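All remarks here apply to the structure that follows.
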Amino acid sequence: MNIPDNLRYTKDHEWIKLLEDGLTALVGITDFAQSELGDIVFVETKPVGTKVAAHGTFGTVEAVKTVADLFAPAAGEIVEVNAGLDDAAIVNSDPYNEGWIVKMKLDNPADVEALLSPADYSALIGE
């Protein structure tokens, strides 16, 4: 299972990457999540400009066998939705790069540090 060292993780299997400006972050689902979901056919998010609470839902991922809610790792505003998600399978093939789901402007970027480290997430999923 791929668990990049430069990200933080949630118990709900989302990842977050704080960007260079220190205020915005990319959010997506983990390699573990995409493999558990199976073939992803559609991703729906709340629109740009939506404020989302930490652990609040910001969208859904629809796979062949199930639909799963997406939970925000930290509070903030959705400032961009990945246009590449028109081909939702990108979340399966490249969940940490081209398959990111939303970009958020975080209310408190320091909250990211309180999330699971790569080692903690690895332990959570039994890797």
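Using the three backbone atoms N, Cα and C, a Cβ is placed for every residue, glycine included.
What Swiss-Prot annotates here:
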type    : residues : note
DOMAIN  : 24-105   : domain 'Lipoyl-binding'
MOD_RES : LYS65    : N6-lipoyllysine
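When averaged over the domain 'Lipoyl-binding' (24-105), pLDDT in the model lands at 96.
The Cβ of the residue listed as 'N6-lipoyllysine' lies under 8 Å from the Cβ of LEU37, GLY38, each on the same chain and at least six residues away in sequence.
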